[in-house]
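Read through the structure below, which is laid out as structure tokens, and then see the notes.
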Amino acid sequence: MCMALQPEVSRWDVTPSEAVELQRRLREQLVLRPPPGLKVERIAGADISTEKGKDTGFGGFVVLDVETLAPVAQSEAVVTLHFPYVPGLLSFRELPTIAAAWERLTVRPDVVIFDGQGTAHPRRMGIACHGGLLFGVPSIGCAKSLLVGTHGPLGEARGSTAPLMHRGEVVGMAVRTRKGVQPVYVSPGHLMDLPTAVEWVLKVSPKYREPETTRHAHRLVNALRRADGEAAELE
């Protein structure tokens, strides 16, 4: 079993307006620098899959060895969703499912990469920030699309970066993980800074646009969703 959750940041029975206020309070708890002497041997991806029009979340973690990028552990959970889909409040809809999977992990990752935003968020409190606080682990947001901000020209070569600006502040980085392919948008979550977040995303994205952490977690939760649907058809 993985570690317990941080109770002060696991309030889900809130309205959207209450969630916004909670995000503002939680933002004050973020630490945007890695722990001193952080040694990363295991890095995880967290993801959730849902079916349109239904209120079930299929969540999972896959933990990879950082040297081989081979999976060493995984966990999954199926949870009923209670919070509506509201842009900017994704964590309140998705984290209860991801948290249930976290509690079933038998190997603690040193870093978690979320398929979503960290500080590149209207209130600087995306799912990677909330999740990092909840699990007490260094966390990174790596998103396929922008929620806020703009960036300047980005080179075509792998490893090219451009600061993501929002309201005069650098909130993340556009990162080219594969030559000639659309960038991903990287931002720190908790116990993380932007340069280190970019470094780790590039390290675990040797071939494809998305990090291997996200690719493995995405396959896991989609397989879980499909299996659930097939089981329902047999009933």
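Cβ coordinates come from backbone N, Cα and C, glycine included.
The Mg(2+) binding site annotation in Swiss-Prot covers D47, D115. In sequence order, G59, G60, I98, D115, T214, A217, H218, L220, V221 make up the list of same-chain residues 6 or more apart from D47 (Mg(2+) binding site) whose Cβ falls under 8 Å from its Cβ.
DSSP gives Y85 (site 'Interaction with target DNA') a coil state; it is part of no helix or strand. Sequence-distant contacts of Y85 (site 'Interaction with target DNA'), defined by Cβ-Cβ distance under 8 angstroms and a gap of at least six in the same chain, are R93. Residues or ranges marked as site 'Interaction with target DNA' by Swiss-Prot on the basis of sequence analysis: Y85.
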